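**Student:** Please find one structure pasted underneath; my questions will follow.
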Amino acid sequence: MDPTLAEMGSHLSDAMKILESGQIETVQDTGRRRLSWRDIPGPLQGDGQNMVTILQLVQNLMHDDEDKQAPRRMQYVGEQGHMALLGHSLAAYISVLDKDRLRKLTTRILSDTTLWLCRLFRYENGSGYYHEDDREGLVKVCRLVINARYEDYATEGFTVLSSKQPVIYQSAACRPGLGQHLCSQLGLPLSSLCIVPCNTMFGSQHQMDIALLDKLIRDDVDTGKLPLLLIANAGTPGAGHTDKLSRLKELCVQYNVWLHVEGVNLAMLVLGNISSTVTAATKCDSMTLTPGPWLGLPSVPAVTLYRHEDPALVCKSILQELTICGGSMEGYFTGEREVQDALNRWLGEQLALHVPASGVDVVELEDEGVCVRFNPLMTAAALGTQESDVAVLVEKLAELVPVLSCTLRFRLDFREEVLQHAALCYIEELSWPGLGAVRYEPRRTDLEEGKRQQEVEKINSELMKKLKELDTDLEFSTGPEFTEEQNCIFIGVAAEDLDVAALVETIVCVGREIEESGKLLENMTEVVRKGILEAQLQLQKANEEKLMEEGVLRQIPLVSSVMNWFSPVQSSIKGRTFDLAAGSLDTTEPVYSLKAQPNKEASSESPSAAARRLPGQKLFRRSGAGCDTFSETSSVCHLEEPFREPLPAETSEHAEREGEVPYDRPHTLEEPSAADQRVPEGQGEEPDSIR
């Protein structure tokens with residue numbers, strides 16, 4: 001045994017002997033006392049007293065008003081009584097334990113003693129509430145019923161009671177002052193207390209009149225009141241009579257009224273053979289037991305057993321449900337604890353958001369780190385938690401825990417894929433609950449630091465916008481509010497069918513297109529100006545060659561018409577195409593040659609990444625969800641087509657061969673053909689045209 005516990009038990013035994021035998025202080029003890037009147041002022045003068053003397057003084061105070069010749073009238077405290085007194089000493093002793101040990105010990109003691117009492121008194125599936133005042137259990141039950149019947153009571157308080165005044169029914173044979181104490185503790189007016197008379201004509205005159213109770217409840221319902229609770233007796237204080245509990249239970253079920261039973265006859269429930277009138281008490285909603293007076297034990301608390309859809313009773317079932325959620329994360333991630341803390345914090349926030357009535361919150365423990373806490377004993381009464389809320393909580397956990405497991409598994413894969421691309425920079429942010437963060441870095445090296453930062457911000461901002469427009473389950477954001485990294489793209493949690501390679505390749509493709517588009521816009525003005533000048537020079541040269549080829553006579557309007565009629569001339573001037581991306585001029589001859597041929601290649605065009613997806617399948621999804629291997633086309637950019645404008649039919653062969661930017665439609669500068677040059681006589685003629 002713990003030496004402290006053994007010493008405490010020994011002291012308690014000695015103290016009881018002193019108090020019971022009347023031992024007085026010895027002469028030796030008196031001699032040891034030394035007074036120091038000068039050091040201690042007033043009534044505290046002296047060197048104190050030992051424990052024996054103090055106990056003697058207490059004994060004298062206990063029996064000071066008694067006749068010294070008369071025997072002392074004091075209840076005998078036997079071995080069981082000593083154990084009860086020792087229990088109080090133990091309670092004081094264990095109160096100095098640390099919080100975790102104290103919580104585990106008290107929880108074990110409460111659960112075991114409640115289980116024993118429920119079995120002894122035939123009260124199945126009950127909860128227990130221990131209290132010193134035998135009336136406090138009823139107050140606890142009333143608060144529980146009010147929270148259950150008034151949905152907004154936890155937030156609005158007593159104001160919700162004004163809509164429907166609660167009514168508490170009490171037998172006239174109940175102990176005096178019980179109803180008044182109940183209303184006082186609950187803050188209810190005395191008009192909420194209804195005293196039900198006992199029988200006057202039929203049955204025992206100490207039993208509640210059930211017919212009159214039925215009428216009273218119906219009248220209260222008709223007047224807009226809410227029948228709340230009925231207090232019945234299993235042994236009235238005066239005559240020990242028991243109400244007709246079976247009939248009262250039927251009436252309470254009919255009107256949805258809580259039935260509470262108390263009385264000395266409840267002690268008979270532990271016997272082997274009991275009457276049916278007392279057995280009916282086991283079907284009530286709550287009962288108050290007082291084992292101290294029944295067993296003659298000093299300072300033993302009373303206990304109120306009750307049945308209620310209290311989430312505190314389903315903790316065991318929720319733990320059983322959690323064992324099938326998600327599975328183990330072992331082997332998926334061996335990184336820092338900060339990552340796991342971030343994911344657990346995200347889990348707690350999601351549960352609190354989707355199931356607010358569960359009372360789930362996030363706590364940080366010294367050894368375990370960030371944890372999700374579900375504590376219905378402390379939150380259920382205030383939030384009105386029901387068993388359905390616990391079921392939703394378990395369902396949400398079963399949904400989110402596998403997502404966290406997949407996120408941990410893909411986090412390292414995502415980092416490795418990002419590091420394989422020079423255009424992407426991996427951002428190490430351990431506090432981010434997701435796959436990770438990246439930044440697209442432009443390939444240009446001819447920019448100053450300030451302009452380069454502006455370019456990085458512009459590209460990543462546009463990249464974020466494009467990624468958010470995708471048809472995918474992933475979430476893209478700028479990250480935590482107080483992160484030090486800027487111009488980054490943070491990717492959220494992932495499902496098990498995520499194609500990490502496709503995701504990274506898509507980010508690279510979209511970023512590259514945005515970068516090339518920016519370059520094109522910067523050079524567009526200069527390229528267009530130079531292209532137009534070059535086109536004008538080429539067309540002017542072509543006109544001069546045409547003049548030399550056709551001769552002067554063909555330039556005269558009337559003569560040219562006659563000569564062209566008898567001897568048509570095929571113009572040698574060719575149109576021009578201007579490629580904005582390459583900044584070059586080409587003839588339109590390849591374009592018209594392609595138009596003249598049957599379009600056989602159009603049907604053989606390679607399918608895009610979007611076409612390769614299954615109907616209804618979102619981006620970055622592997623076709624074989626749940627398998628450990630990626631698909632063969634997982635690295636193909638899924639956005640290559642959605643962000644590109646289709647190539648026009650008149651696109652130049654040069655653009656197709658060199659892989660120019662598809663959405664840059666060529667500008668064609670073209671000279672009209674000979675057939676287009678025939679105009680009516682007398683009208684002017686344009687030497688060339690721009691198309």
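Placed from the backbone N, Cα and C atoms, the Cβ positions cover glycine too.
Because TrEMBL annotations are produced automatically, they should be read as predictions rather than curated entries.
Straight from TrEMBL, here's the annotation block:
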- 336-408: domain 'PDXDC1/PDXD2 second' (DOMAIN)
- 414-519: domain 'PDXDC1-like third' (DOMAIN)
- 592-615: region 'Disordered' (REGION)
- 631-691: region 'Disordered' (REGION)
- 651-670: compositional bias 'Basic and acidic residues' (COMPBIAS)
**Student:** Take the domain 'PDXDC1-like third' (414-519) and average the pLDDT across it for me.
**Tutor:** 85
**Student:** For the domain 'PDXDC1/PDXD2 second' (336-408), jot down how many residues DSSP puts in helix, in strand and in coil.
**Tutor:** 51 helix, 10 strand, 12 coil
**Student:** Helix, strand, coil residue numbers for the domain 'PDXDC1-like third' (414-519) per DSSP?
**Tutor:** 46 helix, 15 strand, 45 coil
